[in-house]
Amino acid sequence: ASFAEAPPGNPKAGEKIFKTKCAQCHTVEKGAGHKQGPNLNGLFGRQSGTTAGYSYSAANKNMAVIWEESTLYDYLLNPXKYIPGTKMVFPGLXKPQERADLIAYLKESTA
């Protein structure tokens, strides 16, 4: 199912998901720097593999996807299938509600 069919996202629920499943490797605050994964500040509208100062896989750079709700929704279902060769080891979020919640949180927290 596509993002157009996704349930409405709850940013508060998304923040909990981020803290338990994403924050070990990612930051969202401007100027927070990179961890194992890149800082996600300014994520929406940015091309994959282009965050300054982070060493991306060739797969992530070559995919050249623009991160928006619809691309993140598909990516977060199964990152390794969406971008084969990505360094992101996260297996994905199978539940549409969890993906919608996380995207709602990321829209607020990375702007």
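Glycine too: its Cβ is placed from the backbone N, Cα and C atoms.
Annotation note: C25 (heme c binding site) sits in a coil segment as assigned by DSSP. The feature heme c binding site is assigned by Swiss-Prot to C22, C25, H26, M88.
For A1, the entry in Swiss-Prot reads N-acetylalanine, with the evidence type experimental evidence. Here the Cβ of A1 (N-acetylalanine) has 9 other Cβ atoms within 10 Å, regardless of which shown protein chain they belong to.
Summary of the heme c site environment: with the site residues C22, C25, H26, M88 set aside, the chain residues having Cβ atoms within 8 Å of the Cβ mean position are A23, Q24, K35, Q36, G37, L40, F90. Classification of M88 (heme c binding site) by DSSP places it in coil, neither helical nor stranded. Long-range C-beta contacts of C25 (heme c binding site), restricted to its own chain and to partners at least six residues apart, with a cutoff below 8 Å, comprise K35, Q36, G37, M88, F90. On its own chain, C22 (heme c binding site) has F90, L102 as residues at least 6 apart in sequence with a Cβ closer than 8 Å to its own Cβ.
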